[in-house]
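S.K.: Reproduced below are the annotations present in TrEMBL:
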TRANSMEM  12-34  transmembrane segment
TRANSMEM  46-67  transmembrane segment
TRANSMEM  87-109  transmembrane segment
TRANSMEM  121-145  transmembrane segment
TRANSMEM  170-189  transmembrane segment
TRANSMEM  210-232  transmembrane segment
TRANSMEM  238-267  transmembrane segment
Amino acid sequence: MADPDSHVDAQLVNAFLSLQLAGGLGFSIIILTALGSPNVKRNSTWYTFCLAWILSCISYTFIFLVGQQDSPNFGVCVTQAAGIYSAPSLTSCGTLAFNIDMLIGVRAASGNLPQQRRHSITLALLIVPFIFWLLLFLGFLLFGVNHPGLVQKGPNGTYCDLNSFTPAKISGLIVVTSTLAILVIQGYIGTRLFKSRKLLKDRQLTTMTVRVMVFSLLGALGLGVGFAYVLFSKEGPIFDILLALLPACGIVIFGTHADLINVWLFWRRPRGLGSETDDSELKSPSIYVPTPTSYRRPLSRGQLR
């Protein structure tokens, strides 16, 4: 294993680890809150999206979690290297799957997809990102084991990587491709919903639109990170900080919904808070994307035009 650089910015390492650990913990709390409350309704791809980010945060903090942040051994270092190159593909593909599920929910309102086909697509969206991630992880792990001289602790001292252009470019190209597809889907969904004047008057639609825009900005940030992987062979401190900020942004977007917050503010919940309020929160595709089995109130074709 290659020796790490002698100079390591301790403040950068601490900031990077803190953001990644906070991201993993935050998404874990979000998932547990949603699972533990009957008033929080989410579709399955939302859960896999959150799980993808948890696995990503674990990958980037792996040598810290096993207590070898300063001097990791070869086995630990090569495992993290494989993890950090496969994690961006998992999060980008998981985010893409979540967006495709959003698109299916919008199209399901007009009955454009057969029921059985929607079920098959939803199942594929759940498993394909993780199969793809596992194959990449094993491939990068095998590459590192066969080329031990390329395994190193990165120049910033934040995590282990491989001193090779190939893994970074493969990961970056996947992220760029997925993010472009995400932006196209978000643009289509936003345009289609904005053309529905009746829905535009709905406060929930306005909230959803804002969340779509914020989510698109997050995707653009992911696109920038992906380009950094593709264009540069050596990432600087700014790259690491941007990388660590991605899960934090995800927590803000997906963890600040009213139904999630109300679970933790149960002592302030008005007595008699009925299902009508909860249902209104669930109308937003950014909060609850209607799946083939859960879509209950289809919209007319005129509303969707």
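Every residue, even glycine, has its Cβ placed from backbone N, Cα and C.
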S.K.: Would you mind listing the long-range same-chain contacts of the transmembrane segment (121-145), meaning Cβ under 8 Å and 6+ residues beyond its ends?
M.R.: 44-45, 48, 52, 55, 78-79, 81-83, 85-87, 89-90, 93-94, 96-98, 100-101, 104, 113, 151, 162, 164, 166-167, 170-171, 291-292
S.K.: So which of 12-34, 87-109, 238-267 has the most C-beta pairs under 8 Å when paired with the transmembrane segment (46-67)?
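M.R.: The stretch I would name here is 12-34.
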S.K.: Other than its close neighbours in sequence, what residues sit by the transmembrane segment (12-34), given a CB gap under 8 Å and a spacing of at least six beyond its ends?
M.R.: 40, 42, 46-47, 50-51, 53-54, 57-58, 60-61, 64, 69, 156-158, 237, 240-241, 243-248, 250-251, 254-255, 260, 263-264
